[in-house]
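To keep things clear, I will list the structure first and then write my remarks on it.
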């Protein structure tokens with residue numbers, strides 16, 4: 001697997017993609033990118049604003065372009081948005097242009113990690129657990145479909161998970 005130069009992290013909200021990605025990039029001396037941060041940088045607004053103004057569909061169009069651009073780079077670790085996996089184009093780009101690591105976590109951990117985060121538009125509802133369960137039912141099979149490696153993140157620090165990824169990839 002080591003012939004691919006990019007590492008792409010996929011998984012649900014609260015799996016630790018951004019935090020683990022930063023550790024992984026630092027440990028491997030690679031550039032780190034976060035697709036949500038790149039969208040915010042390009043629009044000059046936060047994700048919640050993009051959702052409010054353009055809706056989820058408008059956000060997904062932006063996300064598809066950002067992921068297409070970032071996956072063309074070499075020598076990067078990319079943390080993708082949790083919903084990016086729903087796009088066939090994004091799945092194809094991730095699979096073709098790097099190693100895909102699925103960061104798996106439980107609904108309980110997702111709830112605990114995201115409950116105070118107001119920057120997650122899909123969770124600004126009365127029952128975020130129900131939303132997370134519905135998203136998992138749709139998205140988890142897609143994460144599994146393109147994953148080269150699956151790593152559980154529930155009870156471990158970001159640094160430990162980053163080390164596990166490095167071990168599994170043989171770096």
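Indices start at 1 and increase along the chain as displayed.
Cβ coordinates are placed from backbone N, Cα and C, and glycine is handled just like the others.
Per Swiss-Prot, these features apply:
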type	residues	note
BINDING	14, 15, 16, 17, 18, 19, 120, 156	ATP binding site
BINDING	18	Mg(2+) binding site
BINDING	36, 60, 82, 139	substrate binding site
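All features noted in Swiss-Prot, drawn onto the structure.
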residue : record                 : DSSP (3 states)
14      : ATP binding site       : coil
36      : substrate binding site : helix
60      : substrate binding site : helix
82      : substrate binding site : coil
139     : substrate binding site : helix
156     : ATP binding site       : coil
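Around residue 139 (substrate binding site), taking its Cβ as the centre, 19 other Cβ atoms fall within 10 Å, counting all chains. In this structure, residue 19 (ATP binding site) is part of a helix by DSSP. Listed in sequence order, 18, 47, 79, 81 are the same-chain residues at least 6 apart in sequence whose CB falls under 8 Å from the CB of residue 36 (substrate binding site). Spanning the listed substrate site, residues 36, 60, 82, 139 have a farthest Cα to Cα distance of 18 Å. Residue 14 (ATP binding site) and residue 82 (substrate binding site) have their C-alpha atoms 9 Å apart, to the nearest angstrom.
Each of 13, 63, 80, 81, 83, 84, 85, 86 belongs to the same chain as 36, 60, 82, 139, is absent from that list, and has a C-beta within 8 angstroms of the C-beta centroid marking the substrate site.
Checking each of the binding-site residues 60, 82, 139 against residue 15 (ATP binding site) by C-alpha distance, the shortest gap belongs to 82. Within 10 Å of the C-beta of residue 18 (ATP binding site) we count 17 further C-beta atoms, all protein chains included. It is 15 Å from the Cα atom of residue 139 (substrate binding site) to that of residue 17 (ATP binding site).
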